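These notes concern the structure reproduced below.
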Amino acid sequence: MEAARPSGSWNGALCRLLLLTLAILIFASDACKNVTLHVPSKLDAEKLVGRVNLKECFTAANLIHSSDPDFQILEDGSVYTTNTILLSSEKRSFTILLSNTENQEKKKIFVFLEHQTKVLKKRHTKEKVLRRAKRRWAPIPCSMLENSLGPFPLFLQQVQSDTAQNYTIYYSIRGPGVDQEPRNLFYVERDTGNLYCTRPVDREQYESFEIIAFATTPDGYTPELPLPLIIKIEDENDNYPIFTEETYTFTIFENCRVGTTVGQVCATDKDEPDTMHTRLKYSIIGQVPPSPTLFSMHPTTGVITTTSSQLDRELIDKYQLKIKVQDMDGQYFGLQTTSTCIINIDDVNDHLPTFTRTSYVTSVEENTVDVEILRVTVEDKDLVNTANWRANYTILKGNENGNFKIVTDAKTNEGVLCVVKPLNYEEKQQMILQIGVVNEAPFSREASPRSAMSTATVTVNVEDQDEGPECNPPIQTVRMKENAEVGTTSNGYKAYDPETRSSSGIRYKKLTDPTGWVTIDENTGSIKVFRSLDREAETIKNGIYNITVLASDQGGRTCTGTLGIILQDVNDNSPFIPKKTVIICKPTMSSAEIVAVDPDEPIHGPPFDFSLESSTSEVQRMWRLKAINDTAARLSYQNDPPFGSYVVPITVRDRLGMSSVTSLDVTLCDCITENDCTHRVDPRIGGGGVQLGKWAILAILLGIALLFCILFTLVCGASGTSKQPKVIPDDLAQQNLIVSNTEAPGDDKVYSANGFTTQTVGASAQGVCGTVGSGIKNGGQETIEMVKGGHQTSESCRGAGHHHTLDSCRGGHTEVDNCRYTYSEWHSFTQPRLGEKVYLCNQDENHKHAQDYVLTYNYEGRGSVAGSVGCCSERQEEDGLEFLDNLEPKFRTLAEACMKR
C-alpha cells in the first residue's frame with residue numbers, strides 16, 4: 001500500500017502537467033502576438049490610429065471584428081476611431097477577433113494603445129562637436145487608387161527623416177493638392193509625418209501629384225533638403241469605351257469579292273493607356289436582316305469585311321449591323337458600348353437590258369423623213385436612272401443605206417426608231433432590221449463571266465405614195481459647140497415619173513440661166529440656142545454652162561435638177577501677148593522673154609509661132625526673135641541700138657494658123673535690173689525729148705493747187721475788208737419805223753438838208769445770193785445800200801461801242817446770211833417821197849429836228865425788229881403816210897424825242 005502511494009502521486013502530477021501544457025498550446029493557437037500602437041493623448045473621431053498586419057496572424061479570415069466599439073478594423077488592418085477618445089496615463093487595449101465562418105476557426109490579436117509624452121530634443125550647440133552620420137531622406141514610392149471608397153482621411157504613407165533621432169522634427173508639405181488646386185486634398189501630421197488623402201481622386205483628371213515634404217525643427221532649422229514626393233493615382237476601370245460616331249454609314253458594291261473591306265469603326269477609352277482598362281475588342285452582335293451573315297469584324301482594328309460574294313442589291317440594298325466594343329481585352333467583366341453600322345449596297349451593272357418582245361412590225365410611207373415609226377421597250381433590274389440602267393440601242397443589220405436611226409428616250413428608256421432618209425416603194429417594199437441594246441455602263445464581269453446583247457427583229461413595211469416627178473440623176477449634161485448658130489437645138493433635162501418610169505406628162509421650166517443663152521422646151525425639156533455660146537466667157541467654169549430646170553407633173557408636184565452644157569471649143573481666138581511693155585537693161589541684158597496665151601483649148605493653141613512684122617526694115621535690123629518653147633520666145637536687140645523706147649510689132653500664130661499682131665513697147669535702159677531703169681537718153685542721140693516721172697508730175701500738180709489756195713485766200717480777204725451788214729428784210733413797215741436814210745440817185749428828188757455828212761466806206765461787193773451792196777459811213781453810223789431788181793433799200797448798223805442789232809456786225813466785218821428781200825411796189829412809191837418829208841421837217845420851226853448827233857438807245861432784246869432807231873420824226877403827208885400822225889403809244893415817246901422843243 002505504501003509502495004503504491006508514490007506511484008499514484010506521480011501519475012497525478014503527470015496528468016496535471018499534461019493539462020497545463022494543453023492549455024498553453026490551446027491559448028497559443030488562439031492568440032497572435034500583441035501589437036502596441038503609440039498614439040497621442042487625444043484621438044479624434046474617424047482618425048487613423050495605425051495599421052495591424054492581419055495576414056500574418058490569420059490569412060483565411062473572412063470576418064473581422066473589434067472588441068471595443070470605439071475602434072473599427074478594415075480588411076487591410078487599418079485601425080480607425082469611431083468616436084473621440086481621450087487617453088489617460090494608463091494603457092488602453094482592445095482585441096481584434098478574426099474568424100473563418102467556413103471551418104469555424106478563430107484568432108485573436110491584442111492591441112495596446114500607449115500615450116507617450118514626447119520630449120523635445122534640443123539641437124546641438126556649436127560648443128558640442130557634431131559627428132557626421134549617414135542620413136536617409138529619399139522619396140518613398142507612394143500611390144493610391146482612384147475613386148477610393150475610404151474611409152477618409154485615407155492613410156497613404158509615413159514620411160520620416162533620420163534626423164529625428166537627434167532633433168525634434170516637424171513635417172509639412174506643399175504643392176498641388178495641398179496649397180494648390182485641388183486644395184486640401186493631402187495633409188501630413190506634423191509630429192508623426194503620416195500622409196493622408198481627404199477625398200477620392202479621378203485619375204482621368206489628375207494622373208499624379210508631385211508634392212514637396214519639409215522636415216524642420218521647432219526653431220525653424222532645416223536639417224534636411226526638401227523631399228520631392230510623387231503620389232501616383234492608380235487607374236481604375238471606371239470609363240466605358242466610346243465609339244467615335246453614333247451611327248456609321250458605309251457603301252459597298254454588290255457582288256464584291258470575299259474579304260472586301262467595307263469600312264472601319266473606332267472607339268476611345270479615357271482610362272490609362274497600355275493597360276487592360278484600355279485594351280479594346282470589337283465584335284458584331286447583330287445584323288438586320290439576320291440571315292445570311294455576310295460581314296465580319298476584326299476584333300482589334302475594327303475593320304469590317306465581307307464574308308460572302310452574294311451581296312445582291314436587287315434583293316437587299318441595305319444592311320444594319322449592331323456592333324460592340326469592350327475593354328479588358330473583351331473579358332466578360334469589361335465595360336462595353338454598342339453602336340449602329342449601316343451598310344448600303346451600291347449598284348453595279350450585273351443585269352443586262354432585255355427586250356420585252358423579240359419581234360416588232362411597223363410601216364411607213366415612202367419619201368417621208370424625220371418621223372418616228374416605232375418605240376421598243378426593255379427591262380433592266382439595275383438601279384433606275386443610272387448608267388447601269390439607261391439603255392443604248394443600235395441597229396445591227398438592215399440599215400446599210402442609212403435610212404434609219406434609233407435613239408433612247410431619256411425619260412422612259414425606250415428605243416425610238418426613226419426614218420432619216422426617204423424610202424422608195426418602187427425599189428423595196430419591205431425592210432427587216434435587227435436591233436440590239438446594251439447599257440451605257442459596261443457589264444460587270446464579276447457578276448457573270450459572259451455577257452450577251454439582247455436583240456430583236458423589226459419588220460418595216462414601205463407604203464406606196466403618189467409621188468411627183470423624179471429628177472434622177474439631179475445633174476445631167478449635154479454637149480454643144482460654142483458659137484453654135486442661134487436656133488440650134490439639143491437634148492435637154494429629163495425627169496421621170498417613178499410610178500411609170502416615163503417622162504410623159506411632165507412639164508419643164510427654166511429656173512436659172514445666168515446669161516440667157518438658151519431656152520427650154522416646155523414639153524420635151526430640150527434646149528435651143530438663143531444667143532451665141534462663148535466658151536471663153538467669164539461666167540463659164542471649166543467649159544461648162546449650168547442652168548437649173550424645174551420639172552412638174554399634172555398634180556403640181558415638182559422636182560429640180562441641173563443641166564450642164566459642155567461647150568466644145570472651136571478655134572475662135574487668136575493667141576496674143578498679154579504683157580505689152582518690155583524693159584531690157586543694156587548692156588547687162590541682151591534680151592527679154594515674151595509669153596503668148598490662147599483662150600482656146602490646147603488643141604487649138606500652142607505651139608505658137610513668133611515672128612517680127614516685116615512691114616518695116618528698121619525693125620528687122622534692130623531686133624530678132626528666137627523661140628524658147630511652145631508658148632514663149634526671146635526678143636533681143638542687135639546692131640547696138642541707142643537707149644530709148646521702141647515699138648516692136650510681133651505676130652503670133654497658133655497651130656492652126658490663126659494669128660494676131662501685138663505691138664510691144666520695148667525700152668532700152670541703162671540699168672542693172674528693170675526696177676532701176678531711169679530711161680536715160682543715149683548721148684549719141686542729140687536733143688532727145690525730156691520726160692517727167694510720176695513724182696515730178698505730182699509735185700507740179702500740188703504746187704499749182706497751193707497757188708490757187710493762196711489766190712483764193714487773198715481774194716476772200718480783200719472782199720471781207722468792206723463792211724457788208726446782214727440784210728434784214730423790211731416787212732412793209734408794219735408798226736416799225738421806215739428806213740429813211742436812203743440816198744437814191746436822181747436829180748429830180750428833194751434831198752434832206754439836215755446836215756448829214758456821208759463818207760464812202762468801200763467799193764461795192766458781190767453778195768452771196770447775187771445782190772450788190774455799197775457801204776457809206778454816216779457819222780458814227782454805218783449804212784449799207786442794197787440794190788436788187790431796180791429797187792433800192794438801206795439799213796444801218798451801229799458801229800463799235802454800241803449794242804449791235806445785227807449778228808453780222810462783229811469786228812468791222814459783215815456777212816450777208818439771208819437771201820430774203822421783201823421789196824414791193826409800195827417801196828418804189830414811198831422812197832422818193834421820204835426825202836421830201838425830211839425837207840419839210842427842216843422848214844417847219846415847230847418840227848425842227850434836233851442837232852445831228854448819234855443817239856444811243858438801249859437794246860430791247862434779241863430778235864427785236866426795231867434794232868436801231870434814227871433821230872428823225874415825220875409828220876403826216878399825203879401819198880398814204882397818214883398813219884404816222886396817229887402813232888401807237890409805244891412810238892409816241894420816240895417821235896417826241898426826235899422833234900426840237
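Using the three backbone atoms N, Cα and C, a Cβ is placed for every residue, glycine included.
Sequence annotations record features per position, and here Swiss-Prot assigns domain 'Cadherin 1' to 136-243.
Residues annotated as domain 'Cadherin 2' in Swiss-Prot: 244-355. Helix, strand and coil counts under DSSP for the domain 'Cadherin 2' (244-355) come to 6 helix, 50 strand, 56 coil.
Taken as a whole, the domain 'Cadherin 3' (356-471) shows an average pLDDT of 88 in this prediction. According to Swiss-Prot, the feature domain 'Cadherin 3' maps to 356-471.
Annotated domain 'Cadherin 5' per Swiss-Prot: 580-694, in sequence order, evidence recorded as sequence analysis. For the domain 'Cadherin 5' (580-694), residue counts in helix, strand and coil come to 13 helix, 47 strand, 55 coil, using DSSP.
The feature N-linked glycosylation site is assigned by Swiss-Prot to Asn34 (among others). In the three-state DSSP assignment, the secondary structure recorded for Asn34 (N-linked glycosylation site) is coil.
Summarising the annotation, Swiss-Prot assigns N-linked glycosylation site to Asn166 (among others).
In the three-state DSSP assignment, the secondary structure recorded for Asn392 (N-linked glycosylation site) is strand. As annotated by Swiss-Prot, N-linked glycosylation site applies to Asn392 (among others), with the evidence given as experimental evidence.
The annotation N-linked glycosylation site is assigned in Swiss-Prot to Asn546 (among others). Of all Cβ atoms in the protein chains displayed, 16 besides its own lie within 10 Å of the Cβ of Asn546 (N-linked glycosylation site).
The Cβ of Asn629 (N-linked glycosylation site) has Pro607 as same-chain neighbours under 8 Å, each 6 or more residues away in sequence. What Swiss-Prot records for Asn629 (among others) is N-linked glycosylation site.
The topological domain 'Extracellular' annotation in Swiss-Prot covers 136-694.
Comparing the glycosylation sites Asn34, Asn392 by how many other C-beta atoms lie within 10 angstroms of each C-beta, the top residue is Asn392. Other Cβ atoms within 10 Å of the Cβ of Asn166 (N-linked glycosylation site), summed over all protein chains shown, number 16. For Asn166 (N-linked glycosylation site), the spatially nearest entry among the glycosylation sites Asn34, Asn392, Asn546 is Asn34, judged by CA separation.
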